[in-house]
Structure formats: C-alpha cells, structure tokens
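Undergrad: Reproduced below are the annotations present in Swiss-Prot:
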- 134: active site, proton donor/acceptor (ACT_SITE)
- 162: active site, schiff-base intermediate with substrate (ACT_SITE)
- 46, 204: pyruvate binding site (BINDING)
- 45: site 'Part of a proton relay during catalysis' (SITE)
- 108: site 'Part of a proton relay during catalysis' (SITE)
C-alpha cells in the first residue's frame with residue numbers, strides 16, 4: 001500500500017454553528033494537495049472523530065473521495081474500541097470508495113495484546129481494503145506491542161502502521177521484523193526524520209497542514225543522501241511541530257490555518273479554542289518560519 005511519504009491527518013472544518021462545512025473542506029483539500037500532501041486521512045483524531053457522528057463520518061468519506069477524484073489516496077479513520085462498530089464503519093468506508101482504512105488501538109477498555117490482535121484481525125477479514133494500524137498509547141492507554149504488530153503484519157491486507165508511541169527501539173524492531181512492503185509511518189511530526197533513519201516510510205502528519213512542502217523537502221533531502229540538509233530542515237520545523245501540540249489537538253492547527261488565511265472554523269466541545277496567550281505564542285512561531 002503506497003500512500004506516499006506525507007499523509008495529512010486532516011482536520012474537519014466546521015461552520016459557525018458547529019456543523020461540518022463541506023465548502024470549507026473542498027477548499028482545504030485543494031490547499032493541502034498543493035502543499036506537499038501525498039494522501040489524506042479523513043475522520044481521524046485530528047479530524048475530531050470522537051465528536052463526529054457515524055453519519056457525519058460517512059458523509060466525510062463520500063465527499064472527500066468525490067472531491068479528491070483519484071488525485072491522492074484517501075484513508076478513512078474507522079477504528080474504535082467496539083469491534084462490531086468498527087467493522088460496520090469500515091464496510092461503509094469501502095462502499096464510499098476510500099483507498100485504505102486506519103484503525104486505532106482500542107481505547108478505554110484496555111484489551112490485552114491477544115485481544116488487540118483478534119480485534120484488528122476481525123476487522124481486516126471483513127474488508128478487501130488495505131489496513132493501517134495506529135498505535136498511540138498516549139491517547140488510548142493500551143499500547144500495541146511490537147511483537148503484536150509484527151504478528152498482525154502477517155495478515156495480507158494489514159500493510160502499514162502509524163506509530164506514535166515515541167519508542168524508537170520498538171519502532172525499529174517492527175521495521176526490522178516485518179516484510180519490506182509493510183510500511184511504518186511516524187505518528188509524531190517531530191520524529192519523522194529519526195524514524196526515516198531507522199527505515200520508516202514517512203509520517204502521518206498534523207504539521208503538514210502548515211509546512212507540508214518543507215517536510216517533503218526534508219524527506220527528499222534525506223532519501224537523496226543529503227542528511228545534513230535534512231537535519232537543518234528538521235531543526236527549523238521542530239518549533240512549529242511542538243507548538244501545534246501545546247494545547248489539545250486540533251485546536252492549535254485550526255488556529256494556525258486561520259492565521260494563514262484559511263477559515264476552517266473552531267473545535268467541538270469538549271475541546272475549546274486557544275486562549276489569547278496560546279494564540280500569540282503560535283502566531284510568533286509561525287512568523288519565524
């Protein structure tokens with residue numbers, strides 16, 4: 001499954017009443033595709049999936065597939081902590097025409113490694129789509145062990161993982177012990193270059209909303225052997241990568257887009273907009289790019 005080097009974990013635009021704004025989404029998609037994005041993740045965590053209804057998610061899948069019109073792969077966030085519900089949503093995503101699904105590790109109910117294995121296996125067996133796993137223990141509490149990820153990689157259509165554990169030893173083990181066509185993506189913008197250095201494919205990114213073209217240049221320099229230049233770009237981008245997570249995601253990146261002249265609306269409760277100090281800090285970092 002080739003979804004490129006930079007897959008943007010796309011925000012969901014809202015109007016002034018908090019409804020999904022599809023006109024703003026159309027504008028956002030075109031903007032992202034012109035600024036370094038190789039593929040789009042729809043209705044993931046950055047897309048505020050916890051506060052989107054099932055109907056809204058399906059509408060987002062359908063609209064994005066139609067709007068993208070084959071220009072880049074579309075990845076649907078269909079994971080949850082309910083296996084049956086994930087299967088249902090995955091089937092709806094497949095009907096909508098997406099190219100891949102992303103499945104987050106089950107949150108809150110804290111399954112065992114065997115439970116997570118069976119969960120992902122059950123969903124993968126119900127779809128013909130490629131599956132990208134998503135390990136983000138900082139949000140889910142339960143962490144997918146590298147041994148479990150390696151075992152899951154044996155399932156034919158489980159073909160990638162977004163790794164946001166921050167554990168480079170575990171990530172290296174996954175890369176070393178899975179097939180060459182099983183791709184490991186960084187789930188943390190700031191670890192993109194280190195994960196490339198141990199054999200990773202790229203990043204599922206939030207920062208690419210703002211600095212996608214710069215990130216593409218960093219990856220290009222690295223893959224062309226210009227590692228010192230790649231390191232300099234990494235150092236330049238690290239402040240904005242960190243700033244975008246100083247408040248709960250995606251409030252900072254939505255504000256950053258607004259500061260760049262792209263109105264995408266606010267966030268849904270229980271998330272709240274940035275306060276004035278946070279906004280000023282973000283604006284200062286952006287002005288130095």
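Just so you know, glycine gets a Cβ as well, placed from its N, Cα and C.
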Undergrad: Roughly how many Å lie between the Cα atoms of the residue listed as 'active site, schiff-base intermediate with substrate' and residue 134 (active site, proton donor/acceptor), rounded to a whole value?
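TA: Distance (Cα to Cα, whole Å): 5 Å.
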Undergrad: Counting every protein chain present, what is the number of Cβ atoms, excluding its own, within 10 Å of the Cβ of residue 162 (active site, schiff-base intermediate with substrate)?
TA: 25
Undergrad: Mind giving me a neighbour count for residue 134 (active site, proton donor/acceptor)? Other Cβ atoms within 10 Å of its Cβ, every protein chain shown.
TA: 26
Undergrad: If one measures from the C-alpha of residue 45 (site 'Part of a proton relay during catalysis') to the C-alpha of residue 134 (active site, proton donor/acceptor), what distance in angstrom results, rounded to a whole number?
TA: 11
Undergrad: How long is the line from the C-alpha of residue 108 (site 'Part of a proton relay during catalysis') to the C-alpha of residue 46 (pyruvate binding site), rounded to the nearest angstrom?
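TA: Each residue's Cα considered, residue 108 (site 'Part of a proton relay during catalysis') and residue 46 (pyruvate binding site) end up 18 Å apart.
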Undergrad: Within 10 Å of the Cβ of residue 108 (site 'Part of a proton relay during catalysis'), how many other Cβ atoms can you find? Include all protein chains, please.
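TA: Around residue 108 (site 'Part of a proton relay during catalysis'), other Cβ atoms within 10 Å: 10.
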Undergrad: Between residue 204 (pyruvate binding site) and the residue listed as 'active site, proton donor/acceptor', what C-alpha distance do you get in Å?
TA: 10
Undergrad: Run through the Cβ atoms and count how many others sit within 10 Å of the one on residue 46 (pyruvate binding site).
TA: 22
Undergrad: Compute the C-alpha separation of residue 46 (pyruvate binding site) from the residue listed as 'active site, proton donor/acceptor', stating it in Å without decimals.
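TA: Per the Cα atoms, residue 46 (pyruvate binding site) and the residue listed as 'active site, proton donor/acceptor' stand 13 Å apart.
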Undergrad: Validating a neighbour-count step here. Other CB atoms within 10 A of the CB of residue 204 (pyruvate binding site): how many?
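TA: Around the Cβ of residue 204 (pyruvate binding site), 29 other Cβ atoms lie within 10 Å.
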